[in-house]
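Some features that Swiss-Prot has for this protein:
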{"type": "BINDING", "residues": "GLY151, GLY152, ALA153, GLY154, VAL155, GLY156, LYS157, THR158", "note": "ATP binding site"}
Amino acid sequence: MQEGKISQIIGPVVDVDFPEGQLPSILDALTITRPDGTKLVLETQQHLGEERVRTVAMESTDGLIRGLSVTNTERPIQVPVGPEVLGRMLNVVGDPIDGRGSVHTSKTYSIHRSAPKFDELSTKTEMFETGIKVIDLLEPYSRGGKTGLFGGAGVGKTVLIMELINNIAKQQSGYSVFAGVGERTREGNDLWHEMMESGVIDKTALVFGQMNEPPGARARVALTGLSIAEYFRDEENRDVLLFIDNIFRFTQAGSEVSALLGRMPSAVGYQPTLATEMGELQDRIVSTKKGSVTSVQAIYVPADDLTDPAPATAFAHLDATTVLSRSIAELGIYPAVDPLDSTSRILDPNIVGDDHYDTAQAVKQILQRYKDLQDIIAILGMDELSDEDKLVVSRARKVQRFLSQPFFVAEAFTGLAGKYVKLDETIKGFKEIIAGKHDNLPESAFYLVGTIEEAVQKAKTL
């Protein structure tokens, strides 16, 4: 084993001297045993010359002193992968943090892996059914695609993520991996307990590097989650769902260590390697001929500026965007997805078929017309509208309410049984509303129901 000594410590960045001819390679993991017996992992980032390397620590460097012995593991950070990690909570280096003993797996993967080769990629584009009406109809997710989930605090990002995990686990017997990147520890704790209660924990692996962790952990934890997902795709030929919350923090962590590593800052003070780092992560999230990794990434937009380099770089990789809107959440319509702001690359008649495409466009059209009329309604009231416009408003309000649906993971709050709605049922329901087949039903009949038949049944009880 190659042994070195700490020569300098600046925050999360540690310089280590090695004997001549024993320099670790870039990205090799080094370990330090602290005086109290705990282990600390460093990742090699730069060769500074004169047998010295600069590394980034994966945990706090408190208590380290110059001269401490450092061991080179001679390979990148390895994390446990396999069915044993399901139902467990790990940190960036793969150690369990759920207090339920160690994780014993027969295999480990490096967190730095190359993206699949071109000839291994699956080229067919197919829709990934989520069972959530508003998503399946208006911004369908693609299998192996990447979706950005935009939303402020308290509009339901976490509940939507949990419902997706639940639907994939129950309806499609799929596995999910959740990577909490620079998240609030409280939210991670809530997610863990809610998953235990809703019973989806056995189909999910959780990896956390939270806000209180040093930037090294936050910049690498997304890769840890991705490696676990890649195992299920490549070795078990499964379709896996990967949730990253929040992808902005991945970039933010990179920018925090960038200056300490001596790199010149780029636009807005971000690291010059921003596009490369994002590309290396996103290029691994793909479908191969064996299986797929479909990702949903929550994206924080600093100061609501979509041109900020961090969200702008993430945009380039996305296939679909789901925008959660506070104004819709205030109406009590959940999931609070904005049907006019959300987009999908695969909402194309050649991919989803004419029926789906035409219905989606008709829904958007009627909602847009309603939005245009809202100013007139606010000033003059409904009575001043033409009969044609009154009909548009009435149907649009029914469509708006029919876009809501009771969630399995929110049963405790709504008191309603969760609903998984198949795509053909979704299309049929919206087609009937727009065609005027249900003009005689009250709009409250469409609120928080699954299929159109349920709305008709509900109307009878009102």
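Backbone N, Cα and C atoms are what each Cβ position is placed from, and that goes for glycine too.
Feature map: Swiss-Prot annotations on the structure.
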residue : record           : Cβ neighbours (10 Å)
GLY151  : ATP binding site : 23
GLY152  : ATP binding site : 13
ALA153  : ATP binding site : 9
GLY154  : ATP binding site : 11
VAL155  : ATP binding site : 23
GLY156  : ATP binding site : 20
LYS157  : ATP binding site : 24
THR158  : ATP binding site : 21
Apart from the site residues GLY151, GLY152, ALA153, GLY154, VAL155, GLY156, LYS157, THR158, the 8 Å Cβ neighbourhood of the ATP centroid comprises LEU324, ALA329, ALA336
Could you say whether, by DSSP, LYS157 (ATP binding site) belongs to a helix, a strand or a coil region?
helix
